[in-house]
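Features as listed in Swiss-Prot:
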TRANSMEM  200-220  transmembrane segment
TRANSMEM  230-250  transmembrane segment
TRANSMEM  322-342  transmembrane segment
TRANSMEM  344-364  transmembrane segment
TRANSMEM  392-412  transmembrane segment
TRANSMEM  508-528  transmembrane segment
TRANSMEM  551-571  transmembrane segment
TRANSMEM  591-611  transmembrane segment
């Protein structure tokens with residue numbers, strides 16, 4: 001928010017959509033009351049009249065955001081290396097963000113929500129609000145925005161793009177084709193938040209690491225090794241598994257380094273257990289009551305924690321078993337039936353018709369599975385929204401895993417048709433990339449164009465004019481017409497990163513689990529990912545609204561899914577090698593086949609061994625964390641000892657005075 005001359009640059013970061021006024025301004029107009037209350041809070045409000053709605057653009061100076069952060073007790077890292085609740089008076093002691101601002105995008109949006117939703121009727125009596133002849137009551141102590149939302153006055157509230165930073169990111173990132181995988185990660189984090197910043201860092205690192213298996217796969221696919229040809233595929237298989245295991249371990253190190261660089265502590269905040277017990281860290285007795293009650297309450301607290309923990313585990317386990325059994329009993333027979341019918345049909349026209357019917361049914365089943373998963377998750381006990389989102393990822397990925405790979409397994413294990421398998425892999429890698437690129441680029445733009453067209457047509461009908469072109473001049477109205485960055489499944493828990501991460505995980509599983517059948521797939525994936533970085537960047541900066549920030553700073557459940565796919569790759573590629581070398585189909589344990597089985601077990605051991613050999617955190621991150629924890633413990637212990645000493649002196653001082661008085665007499 002800093003201007004070029006050292007003055008604070010006013011940036012409208014939040015917009016609210018309200019109805020366009022039909023009647024003349026009247027006393028008690030609810031929109032006027034909202035604008036007045038926002039300005040009383042110290043915020044800057046700009047009113048923009050659009051075609052069918054009015055827009056309130058809201059900005060908050062740094063001082064106002066700082067006061068809100070202090071009220072929210074937002075913990076921030078200080079220059080001493082200790083995370084402390086923010087206080088505006090000591091703002092210079094807190095570390096600033098990479099873009100020079102005091103608060104991250106996630107923290108600023110939290111402050112905006114606190115300020116806007118914190119407007120309550122503190123007058124002690126009800127207030128009558130009006131809108132175009134309609135009246136409703138704003139009761140004492142009620143949130144104004146909640147009331148306006150329930151009455152349909154506030155249509156939407158969404159974050160706005162910062163035009164200056166957006167254009168800078170367009171030049172340095174989305175349109176900078178010379179840097180294939182190098183991205184301004186700090187700028188992405190500052191503008192979009194930690195979740196999107198971590199995703200693009202992961203995508204860039206994954207694309208860079210793909211260069212090695214892409215070159216190796218190109219050599220294996222194109223070069224004839226003569227008498228040593230039978231060793232080419234097993235060697236390539238071993239190399240790709242070791243590459244994948246090392247990549248995931250080094251990604252954990254990079255993720256830890258990013259969190260340390262951005263001063264993000266993932267462990268901040270009380271756990272669900274304390275909320276379950278009716279306790280918060282801020283409500284714990286301190287310090288004399290804590291010492292007195294600690295021994296009495298420890299047994300009860302432990303018992304309550306155990307009941308809560310196992311009850312939550314039991315509900316999650318029940319839902320997971322239900323989802324797995326549904327996939328096995330319902331989706332697996334359907335996928336096998338489609339693969340079998342597709343294999344025996346000879347007419348290409350019937351195959352296309354069958355595929356179209358299959359895709360329609362699959363879309364319905366996937367959306368149905370997503371809705372069922374969300375309902376099951378709502379009945380679980382999860383510590384946060386991110387835990388619920390991870391639970392959704394596991395359940396929905398099971399559906400997509402069955403859809404994507406069961407037909408390929410059918411071709412491999414039953415028909416052993418490697419030519420058909422390669423054709424299927426090429427088609428899915430190329431067609432899926434073209435499909436996802438078209439969906440990412442064209443679908444949001446088509447939605448945006450259709451909404452603009454509908455608004456213009458409605459305006460022409462209201463004005464009664466059939467000639468002349470109606471222009472949309474305001475930037476905020478253009479952003480209002482843009483679609484949101486939302487997930488195709490489970491929009492209550494996930495945003496558009498779900499679809500992007502799902503696409504990447506399915507691609508990784510495709511090239512890894514069938515690496516021996518088509519080594520050139522890694523090269524296709526590398527080229528695809530370079531395009532993916534640019535298309536996703538353009539999508540976020542041009543065709544979509546600015547996404548809502550999320551607190552998560554890791555790729556979450558997707559890391560476990562990638563590790564699962566590595567283990568599956570060891571098993572599937574071993575099966576591919578067995579099918580390739582067992583040409584007679586007798587499944588005899590000959591020396592070659594026995595060597596493949598031994599290699600499979602060795603690779604499984606190496607995969608888990610590498611996770612122990614390569615530390616998940618760089619040494620400097622670990623040392624910095626230990627230093628910060630030590631400093632925090634020292635300061636807390638000194639404060640606790642001073643408090644106990646003060647209370648002890650206050651208790652013993654009257655006794656000493658009485659003793660001195662008795663000695664005098």
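Numbering starts at 1 and runs along the chain as it is shown here.
Cβ coordinates are placed from backbone N, Cα and C, and glycine is handled just like the others.
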Checking 200-220, 230-250, 322-342, 392-412, 551-571 against the transmembrane segment (508-528) for Cβ pairs under 8 Å, the most are found for 200-220
- Are the transmembrane segment (200-220) and the transmembrane segment (392-412) near each other by the rule of at least 3 C-beta pairs under 8 angstroms (pairs 6 or more apart)? no
Look at every Cβ pair spanning the transmembrane segment (551-571) and the transmembrane segment (230-250), keep those 6 or more apart in sequence, and say whether at least 3 of them are under 8 Å.
yes
